[in-house]
Amino acid sequence: MPDADRRDMQQKGFLNHMVRSDHAGKLMPQAEKKLHEAVCVLLVELCERFTFFGIVCNMILFCTAKLGYRSHQAAMVNMCFVGTSTLTPVLVGWLAEYLVGRIKLVCICMFLHFLGTALLPVVSFPFEDVYIDKRHILLTLPKREQKIVFYFALLTASLGIGGIRAIVCPLSAYSLEDCGAKELLSFFNWFHWLVNLNSAVVFVSISYIQQSVARNLGFLIPFVSGLMAMITIHMVRGEMIYKPKADSSLLTTFGVIFSALKTCCVRHRYFSTAMASWLDHAKENHGGHYSETQVEGTKSLARLFPLFTFQILYRTCIMQIPSGYYLQTMNSNLHFGGLVLPVAAMNVISIVPLLILVPILECINSWLFSSKDTGHSPTIYIVVGHLSAALSVLVAGFSEMHRKHFPQVEQTLSQEVLLVSSMPCFHLAPQYILLGVAEALVTPSCSLLSFWLVPERMRGISMHFLALFNGAGCFMGALFVQTAHAGTQGSWFPHLLHEGKLERFFFFLASLMMVNTLGFWTIAHRYNNLHEDCANEFRGNIPGEKLLKHVKAIKHYNAVLESSPILSPVEKT
């Protein structure tokens, strides 16, 4: 018997070893697939950012030198393109959810992206080394057709960018559901660090390519777009496209808001104190059309609307880098050691502080989150970042006044002779550095609050709303430029900077940003411990939790009755 038992134990041990080996063999491909998916998503993200910054970095120079636009018009075109590219992921996400399948839509968006990026260097950007034959005849188009193709290319590229950001590489694809506040902040810090490192490479390389004798290398932009398309096709074939949970939608959130507003207006009870929140009017038990779970999720999102609103003017200040700051740099002396620096290369100065600050902020965050102070909130980063953005625009106004004191010289850009200030462009570095510090502090912190302070099912919707408000900030910047130009007859945003008062526009924007900073500082305390409050309130208001509370109360009441020595058995029953 002992020998038989020993043999049985050996056989069982062998079988268990085989089962564990088989289980480990199944887990290993899953881990490899996850890693493969993460690498593909990251590559697509970097390629998309490469093409996006490649389009943005010299658009003002192209619009003014080649299309004959005024400076304020070129700045508006650039900001509107950035704003459209920010809003299209929301639109494409809605289309993928309701009208078109995700796989079909991502193929359409990849085609549109490649078409737009191919049209820009081939047709719209008239590189002087593109010839029809050996007699060096330039491949050009009439101005009207050139503008049509240019805007068509920008529209198709922005739609393609929206599809890539919304379907192929949304933030949800990085599996952040189980991360805590410290891990999320670390992710957003390093994510934006990597994106800005990529943009630094783009601003140096692509801007030099588009501005130097090697302009045929400008076809690198559609080449990167084609590479991104091939990676995406590989992801489609390998079933690696992220599929979000269909438990919440942007339309449901808007429906809850409009239903509550409609019910309030019909009943004339908008200022009534009978309900804890005006959104409660959208609940089914109050005459609305939405469940309690949907309304409570929308209420948690509505608490973030003040945070989103204060980001609009901040985003307008950030948009001065590809508009007002770009024009200042273009009208300054770009010569450095016998070389003519690309205009967009100055953007690297705004990226360097971010690349330096992120590792430092990581150490600070690790110390703060490991301490006993559980009330730590990144809102202080947002306040300091807003203040830095206001100071940046203020410094830009003084730099503009300083720039006009230098004598004017001739400078050739894109084979156009311009009359610019002899002030070295590096004198503009402080305003770029301050905006870089602002981005390092604000963008990761705002993304963390938008992601962390809502229930898990509402996180994607929260990021969509953040994108909507950021896009609104880009379009508000374009509106400010148009209003300043038209209201002052071109004085506050002139075509020739030495003939106008661009510094007044910067001072006006800086004063608005200071008011915006003070406004956010007064409400920042609302977001300190909001995650626990939202989670407890959300759990306490959903029907399942209410039923559970009632069941626990009944059990407790029964236990009290059973243990009572005074009541008789009949009375207990």
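Quick reminder: no glycine exception, Cβ is built from N, Cα and C everywhere.
Straight from TrEMBL, the features:
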type     : residues : note
TRANSMEM : 76-96    : transmembrane segment
TRANSMEM : 102-127  : transmembrane segment
TRANSMEM : 148-168  : transmembrane segment
TRANSMEM : 190-209  : transmembrane segment
TRANSMEM : 216-236  : transmembrane segment
TRANSMEM : 248-265  : transmembrane segment
TRANSMEM : 304-327  : transmembrane segment
TRANSMEM : 339-358  : transmembrane segment
TRANSMEM : 379-398  : transmembrane segment
TRANSMEM : 432-453  : transmembrane segment
TRANSMEM : 465-485  : transmembrane segment
TRANSMEM : 505-524  : transmembrane segment
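Contacts between the transmembrane segment (505-524) and the transmembrane segment (304-327): present, as 3 or more C-beta pairs lie under 8 angstroms, all at sequence separation of six or more.
At the 8 Å Cβ threshold, with sequence separation of at least 6, the transmembrane segment (190-209) comes into contact with the transmembrane segment (339-358) through 3 or more pairs.
Ranked by number of Cβ pairs under 8 Å to the transmembrane segment (465-485), the listed stretches 76-96, 248-265, 304-327, 339-358 are led by 304-327. Among 76-96, 148-168, 304-327, 339-358, 379-398, 76-96 has the largest number of CB pairs under 8 A with the transmembrane segment (248-265). Counting same-chain residues at least six beyond the ends of the transmembrane segment (339-358), those with a Cβ under 8 angstroms from any Cβ of the stretch are 57-58, 61, 189-190, 192-193, 196-197, 199-200, 203-204, 206-208, 210-212, 321-322, 325-326, 329-330, 411-413, 425, 428-429, 432-433, 435-437, 439-441. Nonlocal intrachain contacts for the transmembrane segment (379-398), taken as residues 6+ away from its ends with a CB within less than 8 angstroms of a stretch CB, comprise 310, 314, 317-318, 320, 324-325, 328, 361, 428, 430-432, 434-435, 437-442, 444-446, 449, 503-504, 506-507, 509-510, 513-514, 516-517, 520-521, 524-525, 527-528.
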